[in-house]
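Here is the structure we will look at, set down as structure tokens.
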Amino acid sequence: MTTTTPKSKREKLLRQNLVNRFVHWTTAFAIFLLILTGFGQMPLYNRYNVTKLPGAEWLGDYFITINLHYLAAVLLIFVVFYHIINAFIRKEFDIFPRRGDFKESYLIIKAMITKCKEPPCGKYLAEQRLAYFYIGFNVLLLIITGLIKMYKNLPGVELPYSLLFWTTMLHNIGTVLLILGIIGHLAAFIFKENRALLPGMFTGYIDRNYAEHRHVLWCKKPESKGQVPFFTDEEHHDREQSRNETGHPGC
């Protein structure tokens, strides 16, 4: 599926459909609310006078933050299961990690720093797949440990101290790792080469020329559900030759 904007006359490709954007932004909202309310239960906001800021008094109310924390947790669990089920039903595994992603990520990052030619990539870059696994693993860790922490609060439930200790430790560690992952995810857009992907998570579309240059393996695939154009072998050869000419020799 392609569209042309009146201003730039540049063709766009649909990279992120409505489902992907829904999952992305719902997950982001739920995680933000979980982190915000989670710190409120420590309670950091009272200790460091954050609650004295205008409109921030509620952050010091344990019952408000705990209830919002639970609601955000339910939302996160829902969207995670929705994402997994949808991926398997539609057989959309482009974002799942693959063998060789570490090496390919190194080559891509090296190319961005040294301005060398990048290896040909599919719909997602190797480091995007690794970031997906990293953040996804920590989200699942937080869900599992969070469910145990919720279960222990039920009337008549008694769990071993060692289980509660390690559950709390893993929950806290997972939170820190997730925050670091989010920072790394946002920091990736420091590189100019990655910024063209940003519109994809807002409108769903990215620039076709950018996709043909950086996601050539994705663009080379036969048209699938109207999302990517079909390239003939001759067209792909011309684009690959042009791509090679833009690379710096000796890198």
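The backbone N, Cα and C atoms fix where each Cβ goes, and this holds for glycine too.
Feature annotations, courtesy of TrEMBL:
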COMPBIAS  233-251  compositional bias 'Basic and acidic residues'
DOMAIN    15-204  domain 'Cytochrome b561 bacterial/Ni-hydrogenase'
REGION    230-251  region 'Disordered'
TRANSMEM  21-42  transmembrane segment
TRANSMEM  62-89  transmembrane segment
TRANSMEM  131-151  transmembrane segment
TRANSMEM  163-191  transmembrane segment
Same-chain residues at least 6 beyond the ends of the transmembrane segment (21-42) with CB under 8 Å of its CB atoms are 59-60, 62, 65-66, 68-69, 71-73, 75-76, 79-80, 82-83, 86, 139, 142, 175, 178-179, 182, 201-202, 204
Cβ contacts under 8 Å made by the transmembrane segment (163-191) with residues that lie 6+ beyond its boundaries = 31, 35, 38, 112, 127, 131, 134-135, 138-139, 141-142, 145-146, 148-149, 152, 198
Quick one: average pLDDT across the domain 'Cytochrome b561 bacterial/Ni-hydrogenase' (15-204), no decimals.
-> 92
